[in-house]
Amino acid sequence: MSHYESPIRKPLVTGDKSYHDVTLDVVRPVEGKANKSWWVVFSIALIAFLWGLGCIVYTVSEGIGTWGLNKTIGWAWDITNFVWWVGIGHAGTLISAVLLLFRQKWRMAINRSAEAMTIFSVIQAGLFPIIHMGRPWLAYWVLPIPNQFGSLWVNFNSPLLWDVFAISTYLSVSLVFWWTGLLPDFAMIRDRAVKPFQKRIYGILSFGWSGRAKDWQRFEEVSLVLAGLATPLVLSVHTIVSFDFATSVIPGWHTTIFPPYFVAGAVFSGFAMVNTLLIIMRKVSNLENYITIQHIELMNIVIMITGSIVGVAYITELFMAWYSGVEYEQYAFLNRATGPYWWAYMLMMTCNVVSPQFMWFPKLRRSIMFSFFISIVVNIGMWFERFVIIVTSLHRDYMPSAWTMFSPTFVEIGIFVGTIGFFFVLFLLYARTFPVIAQAEVKSILKTSGEKYKKIRAEKGEDANLYDMPEQQPLPNFTEQFNSKSNS
Amino acid sequence: MASKVLHAIFTDDDILMHAVKALREKKYSIDEVFCPFPVHGLDKAMGLPGTRLAITSFLYGLVGLAVSTWMMNFIMIEDWPQDIGGKPSFSYLQNMPAFVPIMFEMTVFFAAHLMVITFYLRSKLWPFKKAENPDVRTTDDKFLMEVSVNENNVQAIAEVLYENGASEIKLIDNK
């Protein structure tokens, strides 16, 4: 039974869509052939990925001396990229989990892709600490297992180890959340598949999902509990990432505002990336009826709010630096704004604080092109935020004799571009093989939030029947059938 | 003699709900309903008992908390207490603030994964499992209700289903 929804709420599914139409629209990109633009974008992404892979192989074989790091700046692009990618991964779980707990129906058309984005971006993030180790073949040393030197263990007092646990928990929980949600949609493709190979593959992927009432009851419970578990996880992961910095004694890093500031920044950049991807995807996959202007507008509002929180955090940092009376802290912030990296600081401020403020204007936040532009600007700004925090704090610390500058080598640039390529390769493959919209969930809100049903209610009142009785065949004599079948 | 079931197809979730309620009112029990999406209130209307997966998740979380506590106590306090920056690890309690992030992460890790595994096992879902929905349209836009019948009540049940909007009704040998 459909719940009451205020008629002034805008429809979340436009067009006169029936349940079957949703199936057809979702399955079209999977069953159809890839178009030319998909191949063009995929080829570019693949080239970038292969280039990055080459740079990773070069780094691993030659050592991280191939990067532009020096004794003073030991963390530069790698950790910038790591924090940036983890941040991007936040919107996915936020959309799936937090908005599920808040019963926000608008999440349903975008949660699948946002979750996919989370997983793909956390994979990119995970690459950086591993290749930064210098000897990545010993990466298993971060696991709490006794090693060959005797009973030497990992150090649980280290925020870097907390990161290992936080990121791996986040990745694996996001993965099962995503996969469990996919089962009914894989089952839908399986049941429609005509080619035996396709039927077999989606049969395996769907785990034999049959859609029993009991399965759905458990499915909903699992989704809700996973959302409840993932919500604090969203907050914890970037909080712990911020501890990498906040528990140190570098001026500009050891500030108590870091955990909420990092979380807000992560949600901010994550939503920007969701907007970037979905604005393209709705067009390429003809999903304008599901990912509507309303969805984009709501995401823009989240971007505006989190962008403002990030702005407040920047100002708080400046205030605290001044108010602390610590000259090192004061210098660190003065140097950020007016030192040799002033341009990065200004870029960060402009992209992250100024640009989201345009979203106060309804006309701008409902404009597809403008939203797309701002989403790119925000992602650039957030990358520079991480760069500013890391490099400007390190390049002039307590010892002026150690002061230095950093500039990346082609290897670092290559790896970063490579991860962007890898991310898009994964996302493009996903968009061709997976149901990109959680169709089962969209069907469940169709009657409350679909345009077709909203129209019926507007015309015939809230109590109107939202269904047509089917044409029925005359009822056969089942008692006869029962007996004849039993005898046969 | 093999038992028999009626398979009734419905085209809409609201019609399905009316039929479920009508059958239950007449004290007929429904074996199974296959749906393409979660129909809210269907489990209650069918009289399905509530699921206890949330409780198992809580218990698994406690297991995770216990495992992380034991692990860190063993590693950092008992087996190889490290003296880091002149701050040796003497007792778990003193070190606990540093252990909180891992205690939290492992609680969530255990609660989430073991609950999902339990869900898969209880619902009999695994990679090579064959789907059991009798009609492929039930993952698209149709709803299928399965009701056990005998010679005496088959026509009566079929009539209730028919009156409540079933678009197709079939009598099937129950395997």
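Each position is counted from 1, following the chain as shown.
Note: Cβ is positioned from N, Cα and C throughout, glycine not excepted.
Per TrEMBL, compositional bias 'Polar residues' is recorded for A:474-488.
Among the features that TrEMBL reports, region 'Disordered' is placed at A:467-488.
Feature annotation from TrEMBL assigns transmembrane segment to A:38-60 (among others). For the transmembrane segment (A:38-60), the residues of the chain that approach it from at least six positions outside its boundaries are 66-67, 127, 131, 136, 284, 410-412, 414-422, 424-425, 428-429, 431-432, judged by C-beta separation under 8 angstroms.
Taken from TrEMBL, the feature transmembrane segment covers A:82-102 (among others). Residues 110-111, 114-119, 121-122, 124-125, 128-129, 132, 167, 170, 174, 177-178, 181, 223-224, 226-228, 230-231, 233-234, 237-238, 241, 262-263, 265-271, 273-274, 379, 382-383, 386, 390, 419, 423 of the same chain lie 6 or more positions beyond the ends of the transmembrane segment (A:82-102) yet place their CB under 8 Å from a CB of it.
Residues 56, 59-60, 63-64, 75, 78-79, 81-86, 88-96, 160, 163, 167, 170-171, 174-175, 177-178, 181, 270, 273-274, 277, 415, 419, 422-423, 426-427, 430, 434, 436 of the same chain lie 6+ residues outside the transmembrane segment (A:114-134) yet bring a C-beta within less than 8 angstroms of a C-beta in it. Taken from TrEMBL, the feature transmembrane segment covers A:114-134 (among others).
Cβ atoms under 8 Å from those of the transmembrane segment (A:160-182) belong to residues 86, 89, 92-93, 96-97, 111-112, 115-116, 118-119, 122-123, 125-126, 129, 142-143, 154, 205, 219, 222-223, 226-227, 229-230, 233, 236-237, 240-241, 243-244, 434-435, 438, 441 of the same chain, restricted to positions at least 6 beyond its ends. Residues or ranges marked as transmembrane segment by TrEMBL: A:160-182 (among others).
Note on the transmembrane segment (A:222-241): residues 83, 86-87, 90, 93-94, 96-98, 100-101, 159, 162-163, 166-167, 169-170, 173-174, 176-177, 180-181, 259-260, 262-263, 265-266 of its chain, located 6 or more positions outside it, place their CB under 8 angstroms from a CB of the stretch. Per TrEMBL, transmembrane segment is recorded for A:222-241 (among others).
As annotated by TrEMBL, transmembrane segment applies to A:261-280 (among others).
Summarising the annotation, TrEMBL assigns transmembrane segment to A:301-322 (among others).
Sequence annotations record features per position, and here TrEMBL assigns transmembrane segment to A:342-361 (among others).
Under the heading transmembrane segment, TrEMBL lists A:368-390 (among others).
Look at TrEMBL and you will find A:410-431 (among others) tagged as transmembrane segment.
Taking pairs at least six residues apart, the transmembrane segment (A:301-322) and the transmembrane segment (A:368-390) share three or more Cβ pairs below 8 Å and count as touching. Helix, strand and coil counts from DSSP across the region 'Disordered' (A:467-488) read 10 helix, 0 strand, 12 coil. Ranking A:342-361, A:368-390, A:410-431 by CB pairs under 8 A with the transmembrane segment (A:261-280) puts A:368-390 at the top.
Residues of the same chain lying 6 or more positions beyond the ends of the transmembrane segment (A:342-361) and with a Cβ under 8 Å from any Cβ of it are 265, 268, 300-301, 303-304, 306-308, 310-311, 314, 336, 370, 374, 377-378, 380-382, 384-385, 387-388, 391-392.
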